[in-house]
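Inspection log for the structure reproduced underneath, given as structure tokens.
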Amino acid sequence: MTTLMVQGTTSDAGKSTLVTALCRWLLRQGVGVVPFKPQNMALNSAVTADGGEIGRAQAVQAQACRLAPHTDMNPVLLKPNSDTGAQVIIHGRAVTSMNAVAYHDYKATAMQAVLASHQRLSAAYPVVMVEGAGSPAEINLRAGDIANMGFAEAVDCPVILVADINRGGVFAHLVGTLELLSPSEQARVKGFVINRFRGDIALLQPGLDWLEQRTGKPVLGVLPYVTDLHLEAEDGIDVRQGAKLARVLKVIVPVLPRISNHTDFDPLRLHPQVDLQFIGPGQPIPAADLIILPGSKSVRGDLAQLRERGWDKAIERHLRYGGKLIGICGGLQMLGRQVHDPLGLEGAAGSSQGLGLLDYATVLEAEKQLRNVAGTLNLEAAAVAGYEIHAGVTSGPALERPAVQLADGRCDGAVSADGQILATYLHGLFEGSQSCAALLRWAGLEDVQAIDYEALRERDIERLADLVEKHLDTALLRQLCGVA
């Protein structure tokens, strides 16, 4: 059994994408492979079949391996809920919230969970393809590290170091990172991958030759800059726009400080008839057909920010002019009368007034609801599938007009009496072609084009594997993976 780890010189260097690519490339070779990320910090998560929670990048990587997502693929997930603290999720279940100092002391316990998951995966699959987190050279985080070299040392695995040349300074990133590692860690780095290159590779070659001579380590290859991948971004919100048709539906998403699961909007970003805009601090909400309040890891705090930015008044004006409004998960909770946090799960215990647009209230509870669901969107009896990740229990008269009838017999969400507002706990609402088309028609778009988001994602995973085959040293990769 072989473990190979991909680490990056920076956040967003291309670790998740490279691991996804390598997983599908190995699968094409007939090799059983499983993704693994010891520790992930992200507000975008996925629900596993057994009701656990992992980072969405690992769910995509599981798809690349044609496996169902499992909590062992991401045993430690940190979901920030303040500037200094995060909810700690171990093996898919929330155990507590901690500040950075407390978590530093907890790392030894977290490492045991990491090693247990890795042991199970390595016993079941020939290759475990591991993704690091951030940079392995963060001096202040190296003590007790479980995400990068601390893990690699513990399981004795080789490492590939990837850097993003599009940022500039790629040689400084690679050499500097290597220099800051201990001698044993340096020895683990078996080669470099340069990501997001644009231009003539011949012009880069002198630098590659110098890098190999300077470090004594090979460059496994140079991956090109790819502009039209449709895979979820794990960290930042992807605001790239493609070519749009003349008649489009204008959709606005207000970006609040603790926005979660912004990947909900990737299908809209890709839709040729949708003009999706993310609105940040200091920006007014413009005229639109549809406003969507996204999920939030800190609903009461984000409600306060929404009001401070004047967006509550903009939403009221939008509704007066006949616009449509959707609230997803935390957005659903904001649309109600109150949000109560008696246990202080999101900060100081207390209650906040909601926007009062739907007649219900939410009580935040310690037990999180985690499940994959399917059902029917009541707008057009359209099939819908998604997942729930929330800690709130919502009740009130507005729920008597549910947005979704779930296959397990439960109802979800609400639709306002005038039909302008829809609230739901379901993430992934726009990924299904039927539910996406139904919601776009409800928001005012005629002659909606259906897009198969799952097919787009699968096609792009195949494209990534093609890039590995074309641009990387596959003979050395096979050697590192223990594949003949």
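Every residue, even glycine, has its Cβ placed from backbone N, Cα and C.
As annotated by Swiss-Prot, active site, nucleophile applies to Cys329. Sequence-distant contacts (6 or more apart, same chain, Cβ under 8 Å) of Cys329 (active site, nucleophile) comprise Ser260, Asn261, Pro294, Gly295, Ser296, Glu388, Ile389, His390, Thr424, Tyr425, Leu426, His427.
Taken from Swiss-Prot, the feature active site applies to His427, supported by sequence analysis. DSSP classifies His427 (active site) as strand under the three-state reduction.
Averaged across the domain 'GATase cobBQ-type' (248-435), the predicted model reaches a pLDDT of 95. The domain 'GATase cobBQ-type' feature in Swiss-Prot is assigned to 248-435; the stated evidence is sequence analysis.
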